[in-house]
């Protein structure tokens, strides 16, 4: 007789038709809130409507319903992303010079926008080469398209249509999974299954399919393009996929098919899965064969990772067990209880994800220039500068968002009665030590980093260059950074015996790659000037962390306001009669943190922009002499505050200031307009609510006199609303000003 264990029952993980589809609610603004649904008495109503529309926590306490709304909203977000992507590809297909650029990427600039001549606007269409007049773009799309093997505008059209189909599909999915088959809470909390599917499916199979595309489509097409074959003569992607002989002509080992794979004779594939390092001298990008190898390796790692967690079969890791076992001799209960936090608080979950994604985005910024992945990206200086700046800003915003949601978690989801002596509780109990030490570090870094500059400015003003900190007087060499550079430069043939070149030319070793007479990349020297500005980076980052971390650790209570948790995430002050308690809410810490994030990222992108123009980017003569854009002035000029103002901001702003009447004039107008937006923010940040209320009341009086007073009573912005409008315009104005300054400069000289 055979005894069988009972079959595990299949869990029903969705509710059918939970909420009927109706457009009636769309006609009722604020249907999610009793107060807002009543309609406006005062103008504050419209602000509250916007503040709470997406705050699902405030609509209901039911975690399952909140989860479904978030899940459905994600499909809406994906739909918008597909729509945007489709628009990018459509512009490439309809308005761009992509095919011309593909035939001569060193002399023709990428353009995918032509301005209609209405009243003189055609001035914006500059000559980008090859007889095409349009706006030079710096998004890097052309380079990505070439790397992926797109050779015609028809292919871009097809991809654009495909993205539209996916956008529609995502909208449908968002509706379907909220109204027709909505997942139960248990489904959202099944972390092992989620990990397996995301790791093996998204990252594993995603990387594998990309590696497959690169091997079967990108590599052969790029091989032909690099050899100078006319794009129209190159076989189409499906021909390479269906006809193995075509590929075998380029890579002979293809003739053997999968035999080497199954006989473990993998070295046969070394023709198209390489480990070379360095850059392809033809395109100035990473070797595409290295990139294909990389994606294959990543795919294998994540396919393994996606089979590690325990689901229906009772084998593998359980996240709860891992977290509860994770405790050391000095950490009390360790991560006990963290599993419950992360499966019931989506704010805690989001906070971790934002912190990691933000850090990763900044890592991407640094790799895009030091290991340029796409062909002809490294010599397109405008695109290089744009990609670095863009990824730095995005990373900064995501990290501030991490602190914001950590604080919301503390206020809304943290239950102090169930937490004792785990890591989070221990951190909260010695938060005073953490914050006061961090504060000391900030003061130390601030005085010392800035003090080095002030010393140099003073010595410079007094005519004592021999007493300055510089590479030619008192040297402060970044010896640790130089040691790391050197280690990596020496790695090929030593610690990395298989590689023919180091991972990045920036490490050193004397190699230089130039494409079409322009420098793609060369070893980046680090000296006293970099040492000084790196300490400014350390200072601004630590202050940002101080503000954000204080906001999180004191989100629920402080000596000043012991019952802060009852006041919520954002509140102006602790009520009347308690002076000196304004601007202490967790929201206010996020508000203040944003300004320091802006400071931190600004210094980083200024450093990058000047350093690259001074020491990397430039032209190379037939004799091999490199002439940099600003002639290597970074090392001696950036060591004083005056140098930054005079030789960077002022000297390099000449292009944007003098852009009027040229094809760059739009940048001049943006430069002016964005300064205005920035200045407009100060009106909200520097004046109080009462000032505006008084002004409004006299304006209302005038309207009453003329019998044109509105039914909705005008109100001044609340304190929090005013600060929100202020910081938004401050950041928007500042970022757009920087954008116009950078692009006018680099398009003119690059």
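Indices start at 1 and increase along the chain as displayed.
Backbone N, Cα and C define each Cβ position, glycine as well.
Feature annotations, courtesy of Swiss-Prot:
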TRANSMEM  70-93  transmembrane segment
TRANSMEM  156-179  transmembrane segment
TRANSMEM  195-219  transmembrane segment
TRANSMEM  291-309  transmembrane segment
TRANSMEM  346-369  transmembrane segment
TRANSMEM  385-411  transmembrane segment
TRANSMEM  433-455  transmembrane segment
TRANSMEM  531-549  transmembrane segment
BINDING   573, 582  [4Fe-4S] cluster binding site
TRANSMEM  589-610  transmembrane segment
TRANSMEM  664-686  transmembrane segment
BINDING   675  chlorophyll a' binding site
BINDING   683, 691  chlorophyll a binding site
BINDING   692  phylloquinone binding site
TRANSMEM  724-744  transmembrane segment
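Most other Cβ atoms within 10 A: among the binding-site residues 691, 692, that distinction falls to 692.
In sequence order, 733, 737 make up the list of same-chain residues 6 or more apart from residue 675 (chlorophyll a' binding site) whose Cβ falls under 8 Å from its Cβ. When Cβ atoms from all protein chains are considered, those within 10 Å of residue 683 (chlorophyll a binding site) total 13, not counting its own. Stretch with the most C-beta contacts under 8 angstroms to the transmembrane segment (156-179), considering only 70-93, 195-219, 433-455, 664-686, 724-744: 70-93. Using a cut-off of 8 Å between Cβ atoms, the transmembrane segment (385-411) and the transmembrane segment (724-744) share at least three residue pairs, counting only pairs 6 or more apart in sequence. Looking at residue 582 ([4Fe-4S] cluster binding site) and residue 692 (phylloquinone binding site), their Cα atoms lie 19 Å from each other. For the binding-site residues 573, 582, the greatest number of Cβ atoms within 10 Å around a candidate Cβ is found at 573. Distant neighbours of the transmembrane segment (531-549): 399-400, 403, 434-435, 438-439, 441-442, 445-446, 448-450, 452-453, 469, 476-478, 481, 589-590, 592-593, 596-597, 599-600, 603-604, 607, 638-639; these residues of the same chain sit at least 6 beyond its ends, with a Cβ under 8 Å from one of its Cβ atoms. The secondary structure of residue 675 (chlorophyll a' binding site), as reduced to three states from DSSP, is helical. Distance noted between the C-alpha atoms of the residue listed as 'phylloquinone binding site' and residue 683 (chlorophyll a binding site) is 11 Å. The separation of residue 691 (chlorophyll a binding site) from residue 573 ([4Fe-4S] cluster binding site), Cα to Cα, is 18 Å.
When secondary structure is read from DSSP and collapsed to three states, residue 582 ([4Fe-4S] cluster binding site) falls in the coil class.
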